[in-house]
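Just below is one structure, and these are the notes that go with it.
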Amino acid sequence: MWIKGKAWFNNSIDTICIQIDRFIKNIKKDCKPDIEFKENQLILPASIDMHVHVRGAQLSYKETVATATSEAAYGGIGLIIDMPNTLPPVNTYERVIERIREFENYSRTDFGIYSGVTKEIEKIDTLPIAGYKIYPEDLDRTETKVLLEKSKKLKVLHPEIPLALKVPRKLRNIWMEIAALHYVQGNVHVTHITNYETVKIAKELGFSTDITPHHLLVNGERDCITKVNPPIRDYLTRLGLWKALFEVDTVVSDHAPHSKEEKNLNYDLCPPGIAAVSFTTPFIYSLVFKDLLNIERAVNLLSKNPAKILNIPYGEIRIGYVANFTIISKNDWKYRTKFSKVTETPLDNFPLEAKVEFTIVQGKIAFDGKNVLPIRGVNAFDKSSRYPV
């Protein structure tokens, strides 16, 4: 199949034809396209979200693989990586295999999964996973030290020391975030950083980094809807974090859904988490349309850099790479979730200028501007089902 339209290709915008099946087979100037996108629509490499809590399994009342990945496709994301803290947790050989099968059956986007810290490192390391997630409570564990020494796979760090989980939320200070960096070494990615100092030190230590939109935009923790880990920081800290948008490697959603009943509990009892996986892509490209960010930086943040961190052939319009695309237009609208089980977020009604018109996954339309189609994504880390390069 041939598609044609304006595209971000070779570091510029040009009208090109792209031949696709599951992969990008050819790129040239002209063709007789099967699909031709409108003049006001722009073809981009599909976004990659390295930090999504899909839930499912015994937590399906919060969110399922189908609803989370449908919401991701609606937000222009072609690949999500799932966190292991569902129920039961994904931290054994058997649970990793079960989790992969759950995604194979129900995912509307391509996917990868992280394992939790485990005693079964040698067995799990043989499986097609994205890497491992290290939580604050893991930092003092012997298994974490073994993991850091033995596994070459990516380790994603929640940057807070164990003490942060034992003190009142108002005392979960920035120094606890910075101190956590010194517990780890090697192939480490530091996620949902909340302040600029942590970004600088993490980069000095050779780690890749990300931030979330809500740590930039949400005006303090006012209630259960805005409660999140790590906590939303004060105004000046959030203002400083905007500098990080030009230095971090990627932007993630940290999509963390909970039921309405859970979010209606007393503030001290309600679980933390904001679920807006579909917000990140239109938000970042809205900054481009506002001339606050250039398009090359936006594509690097959402597509090219996460693919490099994960060491997979995604994130670029390039022959041999996976045929995942986001098609956007300049269009004023106000944000709402659409396919997620979560219907209320602190980002609701946020004004955006970029709108996702289509999401293409594995060469097939996953989101057509109105509906998510019943396609099946693949495990981006399973080389047997992946790509020819």
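Here the Cβ of each residue, glycine as well, is placed from N, Cα and C on the backbone.
Of the residues proposed, LYS133, LYS170, LYS334, the one Swiss-Prot records at the same Zn(2+) 1 site as HIS51, HIS53, ASP254 is LYS133. Zn(2+) 2 binding, as stated in Swiss-Prot, involves LYS133, HIS158; the candidate among HIS192, HIS214 given for that site is HIS192.
A 10 Å radius around the C-alpha of HIS158 (Zn(2+) 2 binding site) takes in these binding-site residues out of HIS53, ARG55, LYS133, HIS258, PRO272, GLY273, in sequence order: LYS133. Within 10 Å of the Cα of HIS51 (Zn(2+) 1 binding site), the following binding-site residues from the list ASN85, HIS192, HIS258, PRO272, GLY273 place their own Cα: HIS192. In sequence order, HIS51, VAL52, HIS53, THR191, HIS192, THR212, HIS214, VAL228, GLY273, ILE274 are the residues of the chain that are 6 or more apart from ASP254 (Zn(2+) 1 binding site) and have a CB within less than 8 Å of its CB. Cβ neighbour count for PRO272 (substrate binding site): 16 (other Cβ atoms within 10 Å of its Cβ, all protein chains included). Across the fold, the C-alpha of LYS133 (Zn(2+) 1 binding site) and the C-alpha of HIS258 (substrate binding site) stand 20 Å from each other.
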